[in-house]
Amino acid sequence: MSSSGPPAGDGRDDASGPGPAGAAAAADGSVPVSRSIVERWKMEPAAARARLLLRAVAWLFSLLALVVMASNKHGHGGAQDFDNYPEYTYCLGISIIAVLYTTAQVTRDVHRLSWGRDVIAGRKAAAVVDFAGDQVVAYLLMSALSAAAPVTDYMRQAADNLFTDSAAAAISMAFLAFLAAGLSALVSGYNLAMEVLV
């Protein structure tokens, strides 16, 4: 009777089995960082990848809204300076909050992808933080653009100039950031539901 063990050199190409990759990993005791990140990205659930991309998009548009609104100063005795309008100042403040939040969340997602562990210990706690944070930021962005849009529309009826165009552009960027944050909140809600059910 012959033993029925796995055939030697079965061609598996992973870090734990035979093959060139296994030999390379065994030589120095580690897997190359670039390969490790790519493998973790492929193993991440589609929802987690979608959330990372949506947060990156929200970060980009929040940053654009912040920059455009902060630079919206065109003189004329202060009539065309954003900081003379509380609605625009509020929109700028919310854009700053959105940039800080999405920066922290994207950094956290990249850390999890790179190192294979989350900075928040409990999975359910992390899911609650994701869902609550995305919901709050999406609501704040919507409230900011809802406050600034009527003022811009009223001023554009009297005069359509660079100041009102810049304000409209910043509001549009905030709206796109809201859409991305809202979709990210939906994904976070799905992840939270899965954690609670499982």
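Residue positions begin at 1 at the first shown residue.
Yeah, the Cβs are placed from backbone N, Cα and C, and that goes for glycine too.
Keep in mind that what you see is a predicted model, and the values were worked out from it rather than measured.
Topology check against Swiss-Prot: Asp81 and Asp153 carry an identical topological domain name and occupy the same side of the membrane.
Most Cβ pairs within less than 8 Å of the transmembrane segment (86-106), among stretches 52-72, 125-145, 167-187, belong to 52-72. Per-class residue totals from DSSP over the topological domain 'Cytoplasmic' (188-198), listed helix then strand then coil: 10 helix, 0 strand, 1 coil. As a summary of secondary structure, the topological domain 'Extracellular' (146-166) carries 18 helix, 0 strand, 3 coil according to DSSP.
Summed and averaged per residue, pLDDT over the topological domain 'Cytoplasmic' (1-51) gives 53.
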